[in-house]
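A quick write-up on the structure given underneath.
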Amino acid sequence: MSKENQVEEEKHYGSGVTELAIASEAPTDNIKWFRSTLVQVLVVGITSFLAPGAYSSLASVGAGGLADVNIGNASVALAYALIVPSALCATACLSKIGPRYSLSLGAAGYVFYAAALYQNSATGNQPFLVVGAIICGATSGIFWVSEAAITLLYSEPEYKGRHLAIWQSLFQLATCIGGAINLGLNIDLNETGGLKPKTFLVFVGLNAIAPLAALLLTNPKQVQRKDRLPVPAFPAEPFLKEVWLTIVELKDPRIIACCFLWSQSLFIPSWTSTYLAIHFSVRVRGLTSLITPLLTILTLALVGSILDIKSMTIRYKLVITWGLLQVLGLGSAIWLLVMQVRQSKEAVVPTWDWSTPGFGAAWVPYLFSFAASWTSYGFFYYMATYCFPREASGARTTRIIATLRSAESGSAAIAFGINSINVPLHHIGYINLVFIIVCLFCGYYVLRWIWKQDKKGAYNELVVPVEPVPPAIH
């Protein structure tokens, strides 16, 4: 290699140290489509469609689709509790086996939980439900961290928002298709109860394919980005050191504030899904699992269009979008709480089918709450790209994601645990309302920091970390 080429190579990939490089436009003629970042995001999205997306179809009907709400919530709480340590260990897993096999391993646990839900629905088998929840929880944390890290690190900076929207939309599309299946197989059930057992078999089949789909992912060194920059390096430290490095990220107050924001997206749905399972007929729950993802995809599109306005500064885009989502989320939570307080005073627990008077007023706030929670979830990833330390390497970004996903799982475990005991639903609603208000302050703290950074011009040029990794293999 000539001296000139060597200098150019070092400038592009770094000479043994991490340096900052400006993302640039580069010719894309010779990029192989199956090595492109878009295809990698589609692989992640399809795997998410088949694994957590298919499971979410069951979760969206309330209590995992089971007739016994307490059993359903308890099993979900157990799974989420185990995701906390598995998410913290996910960076160590990525270090040892890489993103492709980590994604596949993480997706493998969902089929056991879906099979356990089927067994419990068909035969009342509870021990298998516990085992399924344990296996799912022990692997899901690895999946959650891997899918987010791959989407953020593989993507070119200028396409990151679009790729995040694709990933989240495919996840929601699974819930939509699953909702159509739920509704089609249970449309004759106009009273409360559980889904028909055969419904669960469809999701067992989808979950079984997920680990195989994950193996289609390209390894980081083989990815061909449009900006010709290499994918930032994933974690590479020894197992225990990776776990420790992940935990110490919690020293940053902004990361702690983000932990609350991520937690809000999973804490609130445990309360609202219990409301759905208790008060609505099986076919309405099936219809809900069809409508809610469609509504979420629409709100994601609205949020995406605001965030893509080039004439608006980062700080205004983030504050306007966050404000709209909080109005929708807080408004629907208050609406639901008022409904539940009224219901608690009635002698007989009210239940609704779509043919029942008052159905719309009881059902609509659930739809808005669901859309607000899951749209906020996608929005927070976009916001985090401006909140995370700008100098953070790919490895550190992955560790930060692991802390956030561990925190959200812990909050979900607590929330579903609360909903699995005999506490009046409106009392749980008060807890959720307080949590939403706490998260308002956390959001203000994070956005205030981003506002100051944006006014200083910190985001005027798109800067991404480049690490000392070899050129992409074509």
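Any Cβ shown, glycine's included, is placed from N, Cα and C.
Curation plays no part in TrEMBL annotations; they are all automatic predictions.
When Cβ-Cβ distances below 8 Å are used as the criterion, the transmembrane segment (37-55) is approached by residues 103, 106-107, 110, 113-114, 140, 143-144, 147, 150-151, 154-156, 159, 163, 166-167, 169-175, 178, 203, 206-207, 209-210, 213-214, 216-218, 223-226 of the same chain, each at least six residues removed from its ends. Positions annotated as transmembrane segment by TrEMBL: 37-55 (among others).
The transmembrane segment annotation in TrEMBL covers 75-94 (among others).
As annotated by TrEMBL, transmembrane segment applies to 101-118 (among others). Counting same-chain residues at least six beyond the ends of the transmembrane segment (101-118), those with a Cβ under 8 angstroms from any Cβ of the stretch are 44, 47, 50-52, 54-55, 58, 64-66, 75, 79, 90, 93-94, 125, 128-133, 135-147, 150, 197, 200-201, 203-204, 207-208, 210-215, 217.
If you look up TrEMBL, you'll see 130-154 (among others) marked as transmembrane segment.
Annotation source TrEMBL lists transmembrane segment at 166-187 (among others).
Residues or ranges marked as transmembrane segment in TrEMBL: 199-218 (among others).
The transmembrane segment annotation in TrEMBL covers 255-278 (among others). Long-range contacts of the transmembrane segment (255-278) within the same chain, counting only residues at least 6 positions beyond its ends with a Cβ under 8 Å from a Cβ of the stretch, are 59-63, 69, 72-73, 76, 80, 192, 249, 285, 288, 329, 333, 336, 340, 349, 351, 366, 369-370, 373-374, 376-377, 380, 384, 387, 400, 403-405, 407-412, 414-416, 418-419, 425, 428-429, 431-432, 435-436, 438-439, 442-443, 445-446.
With a cut-off of 8 Å between Cβ atoms, the residues of this chain six or more beyond the transmembrane segment (290-307) that come close are 60, 161-162, 165, 168-169, 172-176, 179-180, 182-183, 317-318, 320-321, 324-325, 328, 366-368, 370-372, 374-375, 378-379, 382. Taken from TrEMBL, the feature transmembrane segment applies to 290-307 (among others).
Taken from TrEMBL, the feature transmembrane segment applies to 319-338 (among others). Listed as Cβ neighbours of the transmembrane segment (319-338) (distance under 8 Å, sequence separation of 6 or more from its ends, same chain) are residues 268, 272, 275, 299, 303, 306-307, 365-366, 368-369, 371-373, 375-376, 379, 383, 426, 429-430, 432-433, 436, 440, 443, 447, 451.
For 358-382 (among others), the entry in TrEMBL reads transmembrane segment.
Below 8 angstroms of C-beta separation, residues 69-71, 73-74, 76-78, 80-81, 83-85, 87-88, 90-91, 141, 144-145, 148, 246-247, 249-250, 255, 258-260, 262-268, 270-271, 274, 384, 428, 431 of the same chain, each at least six residues beyond the ends of the transmembrane segment (402-421), sit close to that stretch. Per TrEMBL, the feature transmembrane segment maps to 402-421 (among others).
Feature annotation from TrEMBL assigns transmembrane segment to 427-447 (among others).
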If one takes Cβ-Cβ under 8 Å and requires six or more residues beyond its ends, the residues near the transmembrane segment (166-187) are 38, 41-42, 44-46, 48-50, 52-54, 56-58, 60-61, 65, 147, 151, 195-196, 198-199, 202-203, 206, 282-283, 285-294, 296-297, 300, 374, 377-378
Ranked by Cβ pairs within a distance under 8 Å of the transmembrane segment (75-94), the first of 130-154, 199-218, 427-447 is 130-154
